[in-house]
Structures are given as structure tokens and as C-alpha cells.
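Engineer: Please find one structure pasted underneath; my questions will follow.
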Amino acid sequence: MNLNSIKVEYNACDDKDDNGASSSSGGVHKVCMPPHRTTFQKLRQRLSEIFFPDNPLHRFKNQTGLRKFVLGLQFFFPIFEWGPKYNLSLLRSDIISGITIASLSIPQGISYAKLANLPPIIGLYSSFVPPLIYSLLGSSRHLAVGPVSIASLVMGTMLSQVVQYSKEPTLYLQLAFTSTLFAGLLQAAMGFFRLGFIIDFLSKATLLGFMAGAAVIVSLQQLKGLLGIVHFTNKMQIIPVLTSVFTHKDEWSWQTVLMGVCFLIFLLTTRQISARNPKLFWISAAAPLVSVILSTVIAYSIKSHTHAIQTIGHLPKGINPPSVNMLHFGGPHLALALKVGIITGILALTEGIAVGRTFAAMQNYQVDGNKEMIALGLMNMVGSCSSCFVTTGSFSRSAVSYNAGGKTVVSNIVMAATVLITLLFLMPLFHYTPNLILAAIIITAVIGLIDYQAAFRLWKVDKLDCVACLSSFFGVLFISVPIGLAIAVGISVFKILLHVTRPNTNVLGYIPSTRSFQSISRYSTAVRIPSFLIIAVEAPFYFANSTYLQERTFRWIREEEERVKANNEPAIKCVIIDMTAVTAIDTSGIDTICELRRLLEKRSLKLVLANPVGNVMEKLFNSNSLEAFGLDGLYLTVSEAVDDISSSWKPEKPEP
């Protein structure tokens with residue numbers, strides 16, 4: 001091994017070369033202390049990194065007062081940023097996109113309202129006001145907002161377990177609107193206080209299993225409409241649902257089954273056509289509205305011959321009535337409304353931001369997650385006061401908007417205008433729309449949430465992620481939607497704790513013809529350095545893992561001593577801990593390192609630290625721990641440590 005012998009010092013970095021690299025006249029590299037900062041400066045930087053990683057105020061620097069005012073308007077109301085650049089070409093694209101997604105949102109809005117056990121008209125109300133609010137505040141150009149299957153399912157499930165709409169419709173509506181208000185407050189508060197990292201606890205694996213389980217439950221629940229069953233269970237577990245289906249076989253209607261299966265096949269076929277050829281996106285986008293029209297015509301034509309096919313019935317005309325007086329802030333059900341609001345709010349937020357970021361990445365622009373939270377939150381807060389339930393960005397409608405050529409959120413305004421025309425003039429046409437078509441539309445929408453291929457990939461890549469996915473899936477199927485989600489989140493948190501408390505450690509070896517030390521279990525060419533044991537720690541030194549790291553280090557030493565003895569190699573004299581990946585340390589970690597040094601000294605082993613990062617170095621220095629290590633206890637790199645220490649062992653200098 002031909003490594004330059006370089007002495008490491010740590011007290012100061014007095015000399016710097018032209019490039020700012022620390023050096024001395026003798027070519028000695030020093031382990032430098034970070035620049036001095038007060039406690040307030042450290043706290044401010046840390047909070048800035050936590051809550052403002054994107055530095056949202058950088059645009060305001062060195063600007064005039066008027067310019068800052070304009071930038072402030074653009075920051076809080078993105079419409080002021082893209083509005084002045086809007087032109088007729090963009091308007092033409094947005095009109096086409098808006099009308100296209102309206103043809104999808106109208107039947108979906110009615111269907112998802114039924115999914116939430118709400119009157120169908122609430123679904124149309126929720127497709128009118130929220131898109132208008134989002135178009136003023138949202139930062140995504142392609143996000144199409146409205147009711148979505150997951151939030152509708154969770155709201156309907158959780159509320160129906162306590163209150164039945166058929167028995168207490170007024171109370172049910174009060175709880176739905178109040179839950180929507182709480183969801184909006186939560187979303188807006190998370191955005192305002194920049195707490196978006198909280199939703200990261202809903203990992204992709206967790207959501208994958210949750211959505212798949214919810215999709216199965218939702219699909220089975222729609223058998224009520226597809227089979228024409230009148231009496232059906234209100235429970236959402238798979239066993240009660242299937243039991244209810246076969247217990248009420250005498251209520252099955254062959255006319256309903258025949259028509260429902262035919263339209264279901266039609267919808268699934270159009271979905272497959274569009275999936276295989278994205279240019280034919282309009283086929284699946286128009287299919288729900290076409291199905292509604294055809295099924296309504298058929299139901300109206302045969303109404304005089306049979307009453308077996310159940311229809312929606314009367315839907316009131318007119319725009320959203322105010323619902324402020326229906327917000328429910330007292331009584332025994334307030335906790336239920338709060339719980340439903342929190343869960344649906346987080347789920348809606350997760351879906352909306354994920355969809356917005358997906359399409360932003362495709363078009364090479366950025367979506368501000370915190371601004372999106374505020375936009376979605378205010379949208380739901382206003383919606384709760386105008387007879388709307390929880391809404392967010394819909395993946396299916398956003399995909400249709402994107403494929404239809406939508407350029408800005410004006411497509412949401414066009415969609416809302418189309419829904420407005422429907423509310424004012426076309427509501428009587430839905431009187432004979434059969435329930436079976438709503439069930440078929442819901443099944444078609446949610447079946448795409450079952451991604452078994454992604455589950456297989458999870459099993460290949462990360463078994464613990466797959467366990468979280470399956471736990472969420474089976475928890476939703478056999479227990480309940482919120483408990484299934486809670487189980488999956490619990491497993492995800494356990495995974496985090498596992499990585500923190502049991503971090504990876506590796507023994508490093510020298511790769512010939514390089515200055516690199518890498519894991520000997522990973523690289524077959526890595527060579528052990530005689531008399532040295534080099535250990536890399538790949539995590540912060542915290543109270544939660546300090547005891548484990550100490551025990552694991554002694555185990556590495558014991559195993560290395562056994563190997564050395566078995567192969568008649570020189571005994572270990574020095575243990576080097578590569579701290580490159582140790583990004584932080586606390587007092588417990590410092591005490592552990594000091595204790596480890598004392599215990600190794602009793603065994604005539606030298607402990608050396610290599611490449612401690614700035615804040616770790618600062619804490620070691622402030623705790624006076626560095627005094628015990630001395631000038632030859634800290635090195636800039638592992639290679640310098642090996643070369644410098646081995647040079648003092650002249651009779652046994654290693655030659656790898």
C-alpha cells in the first residue's frame with residue numbers, strides 16, 4: 001500500500017490554500033471545526049431546514065416594495081402569476097379539457113356521493129364549488145379536483161358505523177359537512193405551519209395495500225346495486241358483505257344483473273382500450289356519461305313493464321345551498337366528526353399532492369406542497385359551508401385532463417361551469433338513472449387501485465414494505481378501513497424505528513490500486529489491513545442505538561480476533577470507526593464512544609475516528625471528548641489513518 005502519511009490535527013484550521021482546502025506547511029491535513037455559530041443561529045438554521053427546505057422567500061430578496069407586493073400576490077394566489085400570460089390558444093385547450101373531464105366528473109360525482117352514503121346531488125355540489133376555489137389558490141396546472149373514491153369510502157364507512165343516513169339523514173349530513181370542515185382545517189394548518197412531512201408516514205407501500213383493500217370492499221359493496229338487493233349490510237368487512245349478498249338471494253333481480261353486467265363489461269372494455277392506446281383517452285373518459293345516458297333511456301323505456309330496476313329518483317335543481325347552519329360542533333358525535341375529518345383529510349391530502357406532483361414532473365414544473373395543502377384545505381373549508389363533502393385532486397380526472405390537452409387550472413373552471421349548467425337545467429334528466437350504473441362506474445374506477453404487480457415488486461425489493469402493504473390490505477378487508485390503515489402506519493413507523501435503533505455496520509477493506517475502503521462483504525477485491533479493524537457506521541449515534549452500536553462493535557472485534565487466530569495473522573492493534581455516514585450525535589452517543597475507547601484501551605487496542613462531520617466534530621469538541629483521543633485519534637480519511645498509524649509500527653508495516 002502506497003498511501004501518503006499525513007498527520008491529523010483538530011484544534012484549528014489556520015492555513016488554507018488557494019482553493020480553501022485546509023493544509024499546513026508540512027502538507028498536514030486537519031480535521032476542522034465548523035465555523036462558530038451561536039445557539040440561536042444553529043436553531044434558526046435547523047428550523048429552516050425542517051420547515052423551509054425550499055426557501056420560499058428567496059424571490060423577495062433585493063426587490064422593491066411594489067415588486068414584493070406583486071410577488072406576494074403571486075405566492076398566495078398563483079393565478080396572478082400565470083394569468084397575465086394566458087392567451088386564446090391556452091383557453092381553447094382548457095375548454096376542450098374542461099368539457100371532457102366534466103363528462104367524467106358528473107357521473108363520478110353522483111357515484112362517489114352514493115359511496116359516501118350521501119344524496120347524489122351532494123356529489124354534483126362537490127364538483128362545482130371546490131374546483132373554483134382551487135383554480136384561484138392551487139399551484140398545479142393539471143390537477144382536476146372533486147370527490148374521490150378513497151375519501152368517499154372512508155367517510156361513508158366511518159360515519160355509517162355510528163349514524164345511518166336512512167334513519168337520521170339530517171344528523172348524517174351535519175356530521176359529513178363538519179368532517180369536511182375539520183379535514184380542511186387540518187390540511188390548511190399543515191400547509192400554513194409547513195408540516196407536510198407528516199403525510200410521509202403514509203408510505204407508498206401502506207397506501208398500496210390500503211387502496212387495494214378499499215377497492216375490494218368498495219367493489220363488493222356495489223353488488224347491492226348490481227344485483228338489485230334492497231336490504232344490505234352497513235358493515236364494510238368482507239365476510240359480512242359476502243354473507244349479506246348470499247343471504248338476500250331472493251332479492252336479486254335478473255333485469256338488474258343483466259343490465260349491470262353489460263354496462264360493467266362496456267366500461268371495463270373502454271378502460272382497457274384507452275390504457276393500451278393513450279391517444280384514445282376520450283373513449284374511457286366519455287364512457288361513464290354515455291353509460292348514464294343509455295341506461296337512463298333504457299330504464300325510462302321499460303319502466304311501464306317492470307319496476308325491478310331501482311333508479312336515483314328526484315334530484316333538486318339549483319346551485320349549492322349554504323350549509324353553515326348544519327355544521328355540528330357539539331353533542332356526542334363531535335369526536336366522530338373530528339376523527340373522520342382527520343383521516344379523510346390526510347388521505348385526501350396525500351392523494352392530491354401525489355397526483356399534482358406526478359403531472360408536474362411530467363411537464364417539468366414544480367408544485368409547492370405546502371401551498372397545495374393550503375389550497376386544498378381552504379377548498380374543503382369553503383366546501384363544507386356550501387353543501388360539499390371532502391374533495392381533492394383525482395388521478396383519473398387529472399389524467400383525462402392531461403391527455404385532453406389541459407394547460408392550466410382554467411380547465412377546472414370550465415368543468416365547474418359545465419356542472420353548473422347541469423345543476424340549473426339538466427337535473428330532471430337523472431330521475432330515471434338506475435343505481436346499477438352508478439355501481440358499475442364505481443367498480444370501474446376503484447378496480448384500477450388494485451396494483452398486484454407493485455405488490456410483487458415490493459416483495460422483491462423490500463420484504464418489510466410488503467408486510468406493511470399486506471397488513472394494510474387484510475386489515476381493511478377483515479377488520480375496518482381506519483384500523484387497517486392504522487396497522488399499516490404502525491408497521492411503517494416500526495420500520496423507521498428498526499432502522500434507527502439497529503443501523504447497518506460493515507467491516508471495510510482496502511481496494512488495491514485505489515485509495516478507497518469498501519465493505520468486504522460487498523466487494524470481493526477488498527483486502528483486510530493487517531492489525532487493523534475498520535468499521536463503518538451508517539447512521540447517527542443516538543441514545544436509541546448507542547448501546548447496540550457498542551455491543552455490535554465488540555462483536556466485530558471478537559469475530560475478527562477469532563479469524564486472525566485461526567489464520568495465524570497479526571493481532572488487532574487498532575480499531576478505526578469510519579464516521580462518514582454518522583450525520584449526527586447526541587450525548588449518549590458521545591458517552592458511548594468515550595466508554596468504547598476506555599474499554600478498548602484496557603485491551604491494548606487503539607480507537608480512531610475517521611472523517612467526523614461538522615456537527616459531530618463540534619459536539620465532540622464541546623464535550624472535551626477529543627482530549628482523550630489526542631492528535632492521533634482523529635483523521636480526515638480512513639486511508640490517512642491507516643497510513644499514519646501503520647508508519648509508527650515500522651517492523652510490522654502492512655503491504656496490501
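Quick reminder: no glycine exception, Cβ is built from N, Cα and C everywhere.
Caution: TrEMBL annotation is automatic and unverified by curators.
OK, TrEMBL features for this one:
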type	residues	note
TRANSMEM	144-165	transmembrane segment
TRANSMEM	171-193	transmembrane segment
TRANSMEM	205-232	transmembrane segment
TRANSMEM	252-268	transmembrane segment
TRANSMEM	280-302	transmembrane segment
TRANSMEM	408-430	transmembrane segment
TRANSMEM	436-455	transmembrane segment
TRANSMEM	467-494	transmembrane segment
DOMAIN	522-645	domain 'STAS'
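Could you tell me the structural context for the features on the list?
Structural biologist: Taking Cβ pairs closer than 8 Å, the transmembrane segment (144-165) reaches residues 101, 105, 108-109, 112-113, 115-118, 123, 126-127, 130-131, 134, 138, 171-173, 175-176, 179, 210-211, 214-215, 217-218, 234-236, 333, 336, 339-340, 343-344, 347-348, 351-352, 376, 379, 389-395, 397-398, 400-401, 406, 411-412, 415, 442, 445-446, 449, 480-482 in its own chain, all 6 or more past its ends.
Non-local neighbours of the transmembrane segment (171-193) in the same chain are 51, 116-118, 122, 155, 159, 163-165, 199, 323, 326-329, 333-334, 336-338, 340-342, 344-346, 348-349, 369-385, 387-390; each lies 6+ residues outside the stretch with a CB under 8 Å from one of its CB atoms.
When Cβ-Cβ distances below 8 Å are used as the criterion, the transmembrane segment (205-232) is approached by residues 115, 149-150, 153-154, 238, 241-242, 244-245, 248, 251-253, 255-257, 260-261, 264, 308-310, 350, 435-436, 438-440, 442-443, 446-452, 454-455, 458, 462, 465-466, 468-477, 481, 484-485, 488-489, 491-492 of the same chain, each at least six residues removed from its ends.
Tertiary proximity for the transmembrane segment (252-268) is limited to same-chain residues at least six positions away from its ends with a CB under 8 Å from its CB atoms, namely 225-229, 287-288, 291, 294-295, 298, 302, 306, 308-310, 434, 436-437, 439-441, 443-444, 447.
Residues 100-101, 103-104, 106-108, 255, 259, 263, 266-267, 270-271, 273-274, 309, 311, 399-400, 403-404, 429-430, 432-434, 436-437, 440-441, 444 of the same chain sit 6 or more residues outside the transmembrane segment (280-302) yet have a Cβ under 8 Å from a Cβ within it.
Here the transmembrane segment (436-455) has Cβ contacts under 8 Å with residues 107-108, 110-112, 114-115, 120, 149-150, 208-209, 211-212, 214-216, 218-219, 222-226, 228, 256, 259-260, 263-264, 267-268, 271, 288, 291-292, 295-296, 309-310, 312, 396, 466, 469-470 of the same chain, all six or more residues outside its ends.
Outside the transmembrane segment (467-494), and at least 6 residues removed from its termini, the chain residues within Cβ reach (under 8 Å) are 153-154, 157-158, 161, 201-203, 205-210, 212-214, 216-217, 236-239, 339, 343, 455, 458.
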